[in-house]
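Below you'll find the structure, written out as structure tokens, and then a few comments.
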């Protein structure tokens, strides 16, 4: 199907999408998106398991050869074609619109379960004040099981038995999200990020300083930073480094593309990307210091080796850390700082994820900000609360998170980089757009990273994950095969199918697709295969550049 031909009136109207007031607001929002739960509860354990201090080398290589280059790719597409993921990809090339909808659907799935973790962290911030888990005979692990009432292993089933404490917190999370998102790009997303990100950094620095003075902290840091150089010869270590970067930087599922579409035309894209990339990685290393200082204390207090207490994800946040809080001096302070940091990091990430969906709906139907926010957030909040505030919430989160990351983000990044580099051959246009205002100019190294290195690593990672999952006889973490099939494999495949269907639906006449951008400038033309851009003396914005030879 084809979209309706834009009318003359549509071509002169400006899309009222909102915008960041300046580069600083964008950087805070982008850092807020990148700095999330994975920085705090995933990176430390991944680094420890893959060479300790030696892991920093492949991690930095991955950042420079995949993370930042793919971040630049998102920035270039979003900023040049000034739209949500579906609109920008359609303007890039009409038939690539499905990539945008794929990214929107990935974001929607992640938003559904991300709110559950925020609800847990919110409750645990309160529980830290009186260390409520101490009253449970089985300690923090038993308390978490009783709190979530989660079904496990073969007992997992579709259940709508609600957990009141989780239900109330999830409603509070979604109400807060709706209020912030309804305020718009600058007054909502940017304003909250400018407050929450500095507060997050200050809180975590205080947590790190307090943890450094705990008995056993030095042993924890030694375990974290001691390099195992032999690990660098293991390809799995390098795959782990690239995987951490892909999952941490919020690339390839529409967030950075959408955020960059709200930037002023003269914004330094490459300089901003470097700031965001290195800020995210710096915070991850800070998290490693804080977490392993605390784990060192825990190991000493329990009289066990450090490797016996190292865990990641939910186990670290809601079982290991409560145990540390109970045993450490001034444990309540550590608890409030740790779980408060999870809330802040999770919230700024959640609003960026939801924005991908809101922007797509707003562009598709030409709606006002409040209308599009309510149209998107209310149904998502209802579905999220109905599914995840139940006893099946934890296993559902576990399976959907695994497949949304492995067969959502990784697969979308692989497909989009290959299409841009080899099918459309749009790298020259994107390169010149980035270089037009960027303080850091890119060239052949960026081509090599986006076209060769990133797809190679993404492809290998996808193959390894698929082989691992298929060799498990259709199960994952002991869950029934039907549960993994429905909420894992079918969900991941369904996202692609639905994305293609959505890309075939014509854009309404009142949509933002054919409207000028918020500054009144016409949208840039489709990319021309293999053609770069030429800068004329009178060109003042990237949108005035045209493909060379035309």
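In case you wondered, yes, glycine gets a Cβ from its N, Cα and C as well.
Automatic, uncurated: that is what TrEMBL annotation is.
These features come from TrEMBL:
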- 25-44: transmembrane segment (TRANSMEM)
- 56-77: transmembrane segment (TRANSMEM)
- 98-121: transmembrane segment (TRANSMEM)
- 162-183: transmembrane segment (TRANSMEM)
- 195-218: transmembrane segment (TRANSMEM)
- 238-259: transmembrane segment (TRANSMEM)
- 304-325: transmembrane segment (TRANSMEM)
- 331-361: transmembrane segment (TRANSMEM)
- 373-395: transmembrane segment (TRANSMEM)
- 407-424: transmembrane segment (TRANSMEM)
- 445-470: transmembrane segment (TRANSMEM)
- 482-505: transmembrane segment (TRANSMEM)
Seg_contact(the transmembrane segment (195-218), the transmembrane segment (25-44)) with at least 3 CB pairs under 8 angstroms, min sep 6: yes
Cβ-based contact of the transmembrane segment (373-395) with the transmembrane segment (162-183), 3 or more pairs under 8 Å: yes
For the transmembrane segment (238-259): best-contacting stretch of 162-183, 304-325, 407-424, 482-505, by Cβ pairs under 8 Å: 407-424
Top partner of the transmembrane segment (482-505) among 25-44, 98-121, 331-361, 407-424, 445-470 - counted as Cβ pairs under 8 Å: 98-121
Recorded stretch that, among 25-44, 56-77, 98-121, 162-183, has the most CB pairs under 8 Å to the transmembrane segment (407-424): 98-121
Contact between the transmembrane segment (331-361) and the transmembrane segment (56-77) (3 or more Cβ pairs under 8 Å, separation 6+): no
Distant-in-sequence neighbours of the transmembrane segment (445-470), which means Cβ under 8 A and at least six residues beyond its ends: 62, 65-66, 69-70, 72-73, 238-239, 242-243, 246, 406-407, 410-411, 413-414, 417-418, 420-422, 427, 431, 476
